[in-house]
Amino acid sequence: MQSWSAPAIPVVPGRGPALRLFDSADRQVRPVTPGPTATMYVCGITPYDATHLGHAATYLTFDLVHRLWLDAGHTVQYVQNVTDVDDPLFERAERDGIDWRTLGDRETQLFREDMAALRVLPPHDYVAATDAIAEVVEMVEKLLASGAAYIVEDAEYPDVYFRADATAQFGYESGYDRDTMLTLFAERGGDPDRPGKSDQLDALLWRAERPGEPSWPSPFGRGRPGWHVECSAIALTRIGTGLDIQGGGSDLIFPHHEYSAAHAESVTGERRFARHYVHTGMIGWDGHKMSKSRGNLVLVSQLRAQGVDPSAIRLGLFSGHYREDRFWSNEVLDEANARLARWRSATALPEAPDATDVIARVRQYLADDLDTPKALAALDGWCTDALSYGGHDTESPRLVATTVDALLGVDL
């Protein structure tokens with residue numbers, strides 16, 4: 001599947017420090033320790049509606065990771081999926097009287113356009129779930145053969161389920177107790193009360209064919225993949241074991257990332273699917289989490305149509321820490337536009353203060369769990385000094401603009 005065009009990335013003199021990130025499984029900030037090639041899997045969209053700022057905040061966060069790895073001298077293998085076969089897509093297509101494939105293609109293309117406009121570096125592999133059916137089938141076969149999965153006794157719909165107790169470590173990624181798991185499982189696409197399951201927390205691997213739904217052949221009957229196993233299969237076949245980062249929004253901690261990890265660990269025997277599980281906070285509007293179901297979305301495409309500079313969108317989202325739940329507002333956008341204007345004015349000066357210290361601090365702040373508020377404040381200080389007092393360094397305006405472009409993805 002085609003992704004989107006990559007923006008040019010300038011090179012900042014020197015090399016960035018090693019990255020440290022909060023790991024949701026270990027509940028602490030600790031070093032990320034990739035080899036020469038850093039690997040990252042980030043869960044992609046279910047394309048039944050346009051890209052909102054909650055999506056943008058997540059993909060901008062991992063764009064920072066991508067950029068910082070490049071700045072530190074790594075090659076990056078980044079994989080992202082598209083969940084182009086799932087219940088929300090079918091429901092929206094039926095509501096709108098459109099074929100689900102047409103809807104998925106349309107919204108995926110809009111997502112590509114939004115990501116390109118936001119100057120997000122594209123993934124190395126951009127994989128639709130419908131292009132990974134063979135990998136999913138193979139993985140489900142292995143899980144069935146090992147006893148980690150079973151087929152429910154249902155003559156009409158013999159679905160395949162994963163045993164939540166298939167791995168001794170199940171639950172380590174989220175750290176949630178069983179009651180919390182059951183609540184979130186029911187709220188986020190699970191089916192705890194499905195008759196025939198061995199345990200309420202057993203998760204769907206393969207949904208047997210239903211009338212009006214797409215299906216594919218498999219040794220265990222026609223059907224379609226469950227949500228979690230798509231990501232497990234795509235990540236293992238594109239990257240393999242020892243994934244450096246599994247990433248997504250905090251609403252994916254459970255059940256999605258817990259089960260994706262458990263599926264992969266059951267197949268490979270590895271203790272941990274990913275070395276780091278990294279999650280972004282939710283973006284709200286009008287006092288509530290921004291979500292399609294609530295209908296309070298601020299769409300990237302709408303902001304672009306209104307003439308909002310994509311660099312201002314980046315700065316607005318970077319004004320808060322990536323792990324925090326935070327709110328978007330007109331005030332946030334106004335502040336981002338003002339900051340962008342100041343930075344552009346300062347970096348357009350013929351001379352300015354020396355930039356060595358500010359570049360080092362920006363690198364250090366970003367490497368320390370993506371502390372964008374401190375990085376932005378450091379740049380604000382340099383720009384204020386440049387505009388208020390001037391300087392004598394003819395290279396520093398260009399170097400600061402290069403740093404902002406390369407590390408923050410903001411075009412000055």
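The backbone N, Cα and C atoms fix where each Cβ goes, glycine too.
Since this is a predicted model, take the numbers as computed values, not measurements.
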### Given Swiss-Prot lists Cys43, Gly44, Ile45, Thr46, Thr58, Asn81, Val82, Thr83, Gly249, Ser250, Asp251, Ile283 for L-cysteinyl-5'-AMP, the same-site residue among Trp69, Trp100, Trp227
Trp227
### Query
Pick from 187-192, 391-396: which stretch is listed in Swiss-Prot under motif ''ERGGDP' region'?
187-192
### Summary
motif ''KMSKS' region' per Swiss-Prot, picked from 14-18, 174-178, 214-218, 289-293, is residues 289-293
### Message
Under 8 Å between C-beta atoms and at least six apart in sequence, can you list the same-chain neighbours of His256 (Zn(2+) binding site), or say none if there are none?
### Response
Cys43, Arg188, Trp227, His228, Cys231, Gly248
### Query
Which has the fewest other CB atoms in a 10 Å radius around its CB: Ile45, Cys231, the listed binding-site residues?
Ile45
### Task
Kindly report the helix/strand/coil residue split of the motif ''HIGH' region' (45-55) according to DSSP, in that order.
3 helix, 1 strand, 7 coil
